[in-house]
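Features as listed in TrEMBL:
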TRANSMEM  20-42  transmembrane segment
TRANSMEM  57-74  transmembrane segment
TRANSMEM  86-103  transmembrane segment
TRANSMEM  154-173  transmembrane segment
TRANSMEM  203-220  transmembrane segment
TRANSMEM  232-254  transmembrane segment
Amino acid sequence: RHGAAKNEDTFKTSPFHFDLWFYFTLQNWVLDFGRPIAMIILPLEWFPLNKPSAGDYFHMAYNVITPFLLLKLIERSPKTLPRSMVYVSIIMFVMGASIHLVGDSVNHRLIFSGYQHHLSVRENPIIKNLKPETLIDSFELLYYYDEYLGHSMWYIPFFLILFIYFTGCFTPVEEESRMPVAALLLMGPSSLYYWYLVTEGQIFILYIFTFFAMMALVMHQKRKGLVLDSNGLFLFYSFIITLLLIALWVVWLWNDKILRKKYPGVIYIPEPWAFYTLHMNNLHAAKESL
């Protein structure tokens, strides 16, 4: 009976999940990318610095809606997927995103006090003069929870769930390996968001390993006569476009000496918000002085 179920899973097909991919794209742009923007543009009087900002409430909504959408995506897979791994990944995702919520909230609020994201914690003018100096260690700990621990516990489960879902996106029917117009329209915004996720989250290694795993799986399944369905194609092509966008971003900022100093490793991928505080803030200040 178990073997029969496996064969049945193999030949199931699934239509393009326009509703889920649309909700994913919309909430990613509004609740994730939009949260620091909302914090900056809304009047400070509405959200005092010692209270949660508008961006924090966006983040809270993201932490609830995204796991729900991921579970819905897994439920629609034509293949029976490992539920235990999915549930553990969802739990880790919520923990990591919640840790990031706290660290990111404080770090973004520091912008109003002159904190510059293109500098390291100890190089920031508002930080390096703190007394006693042990306070600097506390801010570095906050940065660690935000940028390292929070991001790892957030993004690793996220990409793992996407890959688990991707393993079920294969079909022997060539006609199913086509993307509808709706998928093509969503691909641009989806890829651009993944670019932001990878660059701002500094998770290129995780992203590229996930992409290579997808490529290997596609080639392996092709030998069995299986091809990607519309949902698999949408996810796979979105990752390809994301890689191109990352390459263009790196080439554009290749000779930026200040950003090079903050990102000195072999993999040089500056964060968009570091670019903003370095160049766009200065541009706004110059306009205001005129």
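Even glycines carry a Cβ here, placed using N, Cα and C.
Counting only same-chain residues 6+ beyond the ends of the transmembrane segment (232-254), those with a CB under 8 A from a CB of the stretch are 16, 21, 162, 165-166, 169-170, 177-179, 183, 186-188, 190-192, 194-195, 198-199, 204, 207-208, 210-211, 214, 218, 268-270, 275. When each of 57-74, 86-103, 203-220 is checked for Cβ pairs under 8 Å to the transmembrane segment (20-42), 57-74 comes out on top. Among residues of the same chain six or more beyond the transmembrane segment (154-173), those with a C-beta under 8 A of the stretch's C-beta atoms are 9-11, 13-14, 66, 70, 73-74, 77-79, 81-82, 85-86, 88-90, 92-93, 96-97, 99-100, 197, 201, 203, 206-207, 210, 213-214, 217, 221, 225-229, 231-232, 235-236. Counting same-chain residues at least six beyond the ends of the transmembrane segment (203-220), those with a Cβ under 8 angstroms from any Cβ of the stretch are 151, 155-156, 159, 162-163, 166-167, 194, 197, 228, 235-236, 239-240, 242-243, 246, 267, 269.
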